[in-house]
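Taking it in order: structure first as structure tokens, then the write-up.
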Amino acid sequence: MSKKIALLAGDGIGPEIIAEAVKVLAALGEHGELDVVLESGLIGGAAYEVTGTPLPAETLALAQDSDAILLGAVGGPQWETLDIKVRPEKGLLGIRSALGLFANLRPAILYPQLVGASTLKPEVVSGLDLMIVRELTGGIYFGQPRGVCRLEHGERQGFNTLVYKESEIRRIAQVAFTIAMKRDRRVCSVDKANVLEATELWREVMSEVAAEFPEVELSHMYVDNAAMQLVRAPKQFDVVVTTNMFGDILSDCAAMLTGSIGMLPSASLDQSGRGMYEPIHGSAPDIAGQGIANPLATILSVAMMLRYSLDSPAQATRLEKAVGAVLDQGLRTPDIYSPGTTQVSTGAMGDAVVEAFIHTPG
């Protein structure tokens, strides 16, 4: 039975990196025993220019009718002055909300070939492989009431509300523990339970869910300490699970441990495992159209798609090995280039991954 994948290239370098992912998906169809149907839609600034909205109804319908979504990137300086309701990023948020994509998975893996690209010492980061599981649809980003008001004496006051329901915490905990079962079986829950009541509940529910997974070791850590530990000794972590805002911050911190955000994929999943997959880097309008963007994060997002939404973990591992093989060959896009390696274009990197995939045992 075929799997339908929605391709949402978006803005900036989005179309270029999605084009390389399409090459990989074609190879999967020919050499990976996976039947996929690809259909494209508009999102972000590209959609706004054509339809006046960053998320056209047709794109949302396509996303809802697909087994998985592959997103390039959204945004650019030419849209920053638009009303916030129609800015490109609203298209991304709209899909997350409409599809109930509550679990954001952000792996931080340092490939041994790129250990010199990290700003930390090799002995600190060599072998790094952690997963941050971020709750994506609750917390202070969505809590009500929120806004800016004017007090009686004329001073302005801004306010937001941090709210989490027990059910929201429980479901993200179950995602984290399930992932940990397939890894090193350790979960670190990050909160600020010493000052925030909402995360005191977070800690309680995490401990309750841990009882359902006796094989997994649960630890708790305050977010300020977690930020410090990510820099001091990041390899102590296996799976980190945390709130929306804390995860937003910590995942970017973890990303830079690897030396280049051009290597890092992400997934946003619903309750059933359907998901949207995207590189964590932005639309990079400054290099768009130059053929120098790194497509590996997008290709690795395809690997995550295979693992979490398309029930093809063996092909996911095969694709990840192909990326490693290309790095072993010394091929690099400019963002990960170093003396002694060979600089290649976006398209050449994609072609090399396809070739390596074909010759990697399934």
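Just so it is clear, glycine is given a Cβ too, placed from its N, Cα and C backbone atoms.
Pulled from Swiss-Prot, these are the features on record:
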BINDING   76-89, 282-294  NAD(+) binding site
BINDING   ARG96, ARG106, ARG134, ASP224  substrate binding site
SITE      TYR141  site 'Important for catalysis'
SITE      LYS192  site 'Important for catalysis'
BINDING   ASP224, ASP248, ASP252  Mg(2+) binding site
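Here the features listed in Swiss-Prot are painted onto the structure.
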| residue | record | Cβ neighbours (10 Å) |
| --- | --- | --- |
| GLY76 | NAD(+) binding site | 21 |
| GLU80 | NAD(+) binding site | 10 |
| ILE84 | NAD(+) binding site | 7 |
| PRO88 | NAD(+) binding site | 27 |
| ARG96 | substrate binding site | 17 |
| ARG134 | substrate binding site | 27 |
| TYR141 | site 'Important for catalysis' | 16 |
| LYS192 | site 'Important for catalysis' | 20 |
| ASP224 | substrate binding site | 12 |
| ALA288 | NAD(+) binding site | 18 |
Simplified to three states, DSSP reports ILE292 (NAD(+) binding site) as coil
Residues within 8 Å of the ASP224, ASP248, ASP252 Cβ centre (excluding the Mg(2+) site residues themselves):
VAL223, ALA227, MET245, PHE246, GLY247, ILE249, LEU250, SER251, CYS253
Which chain-mates of ASP252 (Mg(2+) binding site) that are at least 6 residues away have a CB under 8 A from its CB, listed by sequence?
ILE280
Going by Cα-Cα distance, pick out whichever of the recorded positions LYS192, ASP248, ALA288, ILE292 is nearest to ASP224 (substrate binding site).
LYS192
What same-chain residues, at least 6 away in sequence, bring their CB to under 8 Å of the CB of ASP248 (Mg(2+) binding site)?
ARG134, TYR141
Check each residue in the chain of ALA284 (NAD(+) binding site) that is at least six apart in sequence and keep those whose C-beta is under 8 Å from its C-beta; list them in sequence order.
GLY12, ILE13, ALA73, ALA293
Counting every protein chain shown, other Cβ atoms within 10 Å of the Cβ of ILE292 (NAD(+) binding site) number 19
Would you mind listing, in sequence order, the residues at least six apart from ARG106 (substrate binding site) in the same chain with a Cβ closer than 8 Å to its Cβ?
MET131, ILE132, VAL133, ARG134, GLY247, SER251, ALA254, ALA255, LEU264, SER266, ILE280
So, three-state DSSP: helix, strand or coil for ARG106 (substrate binding site)?
strand
Rounded inter-Cα distance in Å - ARG96 (substrate binding site), PRO88 (NAD(+) binding site)
14
Which three-state DSSP class does ARG134 (substrate binding site) fall into?
strand
Work out how many Å separate GLU80 (NAD(+) binding site) and LYS192 (site 'Important for catalysis') at their Cα atoms, rounded off.
33
Could you measure between PRO88 (NAD(+) binding site) and LYS192 (site 'Important for catalysis') for me? Cα positions, answer in whole angstrom.
32
What kind of secondary structure is GLU80 (NAD(+) binding site) part of, going by DSSP in three states?
coil
